[in-house]
Amino acid sequence: MNNGKVRIYELSKELNLDNKELLAICDQLNIAVKSHSSTISESEAESIRAAAEKLAATNGTSKKELNTTSHKPNSAPAGSRNRPAPPQKQQQILEIRKPKILRNTTSNAPEASVANNQIASSEANSPAPPRPFATPVSPMKPTAPSRPVPRNLSETPQKPAAPEAEPEAQSQAPAKIAVEKPEKSAQPRPGKPERQPKPQLVAPPSRPTAEKLDLSEITGAPGEKPILKRDRPRREDERDQAKPRVAKPAQGETSSAPVQKQARPAQGPVKPEQRVNRPGAPSGDGIRPQRPVRPSVDAAPVATPPRGVPGGRGEVGDTAAIAPDLLDLKRPTPPRLAKGGKKWQEEEIIDEIKEKAGKAGVKGKRVKPLVEDDFEDEDLLDEEGLEIPATVQVSLSIARPPKPKAARAATAATAAPISSPTTRGKRSSHNNRDQNRRQETEVKRERPEKVAVTGPMTVQELADLLAVADTEIVKILFMKGMAVSITQNLDIPTITLVGKELEIEVETAEPEAEARKVTEMIEVGDLEHLLRRPPVVTIMGHVDHGKTTLLDSIRKTKVAAGEAGGITQHIGAYHVDIVHDGKEQQIVFLDTPGHEAFTAMRARGARVTDIAVLVVAADDGVRPQTVEAISHAQAAGVPIVVAINKIDKEGAQPDRVKQELTQYGLTPEEWGGETIMVPVSAIKGENLDTLLEMILLVAEVGELSANPDRNARGTVIEAHLDKAKGAVATLLIQNGTLHVGDILLAGSAFGKVRAMVDDRGRRVDIAGPSFAVEVLGLSDVPAAGDEFEVFDNEKEARALASDRADKQRLSRLLQGRVTLTTLSAQAQEGELKELNLILKGDVQGSVEAIVGSLKQIPQNEVQIRMLLTAAGEITETDIDLAAASGAVIIGFNTTFASGARQAADEAGVDVREYNIIYKLIEDIQGALEGLLEPELVEEPLGQTEVRAVFPVGRGAVAGCYVQSGKLVRNCKVRVRRAGKVIYEGVLDSLKRMKDDAREVNAGYECGIGVDKFHDWAEGDIIESYQMVTKRRTLALTR
């Protein structure tokens, strides 16, 4: 207690109370505490002490009452409910204590006489309560079903009940005796009585088999009751210990009532009675001493015979004489309650169950409050006592009109199942929650035995693939001498090494070609309606080899000069009309960029194409993107026509180009191969007609066809967000026909076609197979490469669009997730430098290409965080996001929306605009390098030779000659003798003649002094250098 503060657990020690009891008192006094380690003020502690004293006083009296009363819940509740007769309770308690004295005596006759006297007094004091007690016992039977094992016990008691027809006086006497004995025996050795009663219960069921069936049907699962009996003795002894447990007491309470019932049947067979009586001193007689001792179950059997007469088990229909017997039997139980706090709760629950038997509606309500008040045992006892008398009254009223045996059995059976779930459910609800939590934590992915890797992966991605913690991988590599961070890329050999350490086989799988055709656009139903369609031709090749020039040359030759506007430059898809064999035919061209960043766009072009035209410059030959284009076309399985461009240049060598192409499986026809190669000049227009004829020839061989009489299907070639038009997508129809007004779904973008524009800027209402059109009306910008489809049902299309959008959102969240391990790793390494970027481009393909290039920049120490990548204008929303996150906005071939530039100036947001991807990548790489910590580099200054040594005081000075460079005072020096370094330090003193010098250049002599080194020798070489900071660079990973 420091500074007037007291902790709950200290107060509990002081008051000799359990923490839970003290917390319950705090809750009653409205004192806010969270746990036993919470602190409270001294004033609050005083109020708790006062409440605890009152509670102790009430508990003491209640315990005495319980000891005296034969049945814990019945006696206490009866007195509490029948407030006018509280003195009766005291008298009954005194009588119960007397039976304890009788326990010592083993003779049945004296016990019977004492019991009769006590019964008479108790009946005179409170005749009504006995009947209610009997009825509560019957409800207890229904509750017993919670424990299945005791079923046999319950059944056996029922059989004995029928044969047992003894005088009421006899039953009463044994009841008292049994009650008294169990009290004594249970107190000295609670564990033994529990164990012994269990076997006893099992034995009786075997004797009464026929009646057992009936009883089981009636009670449902009365067998549990015997188990409850055994528990009661335990609980009496454990009362103080078990107080915190609420669920168990509930079960014990329900079980106590069934135990008494079992005692009733056991009365017939003397042996079962003796077994059960172990806890409660049963006499050898067949009398029902077990029934009186609820724990022992001896007294209950005595009362059962009369009950059986009026109402099957005598639960409801008991005679007035039987009621007193029951009272006597119940009286023995209260002592047990006094012993165990849990038993009080159990008996209270039993009383509630009895009430439930009387009225089914009350059952659930009773149990719930008990569970809520788990920690307030004594309060519960008082409250339960009050409620129990009410139950007794109800049972008495019901008992007056005895019900038929069958009806009683049915009610008991129904009551039992209902009550048992309540007690069971209360106890199991917490367990279920714990089990669920355990299952959630235990749900771990099993470590795979084999994984396939297609390329480098980050530590985090590898950890997810191998189902291990990323810190485990960092630890493994650290033990191998490699210090890596969570976000560092690991190459395949390193991944294999990690897999070997974890005993996981790592296979290197070939990455799936992006250009491979995934979806077959023509379905089985289209086969009977196929018609010839124009070929789709993709022009591919290296940068600056003349692809776009070649396409422009073809169009200028074949397109009327006055056509409006020509092409919308973003589309990259155009159609050309030519005359071949006297027929007018069309060819659709797709133009792809040649820069290395546009790999995905080239792959997309190859995937949707029918023929690939490979443009190679005659003066440059095969280049990296040429090789990539060949691999895309081969992966897509499309024929290749080679156009050798720039043959008009002086350095053109078409044959050398053909020779280089043979290394990649492209052998010209004139050399015996199958590849068509046409030398052309895009600028002069040479051999363009030959090239077009060859394209049509290859198309005829391929027999290209589609079904125009169906809903359109195809691929999104390009997409962007237009300021005036909204989402604009360039679609290539590969099968079917697209009409204005069609319901279109492209990826997760849903919409209705509002307008279509062809490559020449004309609005069209219909677009057939192989045509490329710009479509307006989509709700969102689809991703380039997505497949689109037309639906007849708008509802179906919307549902599918919503599902796809949800999946995309989930994948984005998973990619952007930050784990605790990554955060801790960043903390250990110091703050991880990040460059936040917002990227806006003119079209989706450009954005995709830029993101792909940025991913190639190594990000071990600095990282690029793409907050937003989208096609469209730079808007005020982008400016707000950048201002909030400290991001830089990158615009590629795009513009500002109205007000965005002003907002950027006001917010101080850095906006960079580019139209060349090379420059953009270089600037971002430079910004990342600027975030890197500069490294210290050794910069040599000069070399000096020692030619003389002059002793000065205790040290020495070297007379030196500067051979090269210069010497600077306070620079770092390294002294070498015979090629070995003998000293490294700082040059402390530098003199020229007798004056201090700041530096001495080559060709001059000087004196050198070093405070910590005096062992100079002629011929030593002094190397001077200084440490300078150098900007670090990042190399792009290829």
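If you go along the chain as it appears here, the first residue is 1 and each next one adds 1.
Cβ from N, Cα, C; glycine included.
Since we're looking at a predicted model, the values are computed, not measured.
In Swiss-Prot this protein carries:
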- 541-548, 591-595, 645-648: GTP binding site (BINDING)
- 157-176: compositional bias 'Low complexity' (COMPBIAS)
- 178-197: compositional bias 'Basic and acidic residues' (COMPBIAS)
- 226-243: compositional bias 'Basic and acidic residues' (COMPBIAS)
- 407-423: compositional bias 'Low complexity' (COMPBIAS)
- 431-450: compositional bias 'Basic and acidic residues' (COMPBIAS)
- 532-705: domain 'tr-type G' (DOMAIN)
- 39-346: region 'Disordered' (REGION)
- 403-451: region 'Disordered' (REGION)
- 541-548: region 'G1' (REGION)
- 566-570: region 'G2' (REGION)
- 591-594: region 'G3' (REGION)
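Classification of Gly541 (GTP binding site) by DSSP places it within a strand. For the region 'G2' (566-570), the model gives a mean pLDDT of 39.
Using a 10 Å radius centred on the Cβ of Asp544 (GTP binding site) and all shown protein chains, the other Cβ atoms total 14.
Residue environment of Ile647 (GTP binding site) contains 20 other Cβ atoms, counted within 10 Å of its Cβ in all protein chains. The Cβ neighbour count for Gly541 (GTP binding site), using a 10 Å radius over every protein chain in view, is 28.
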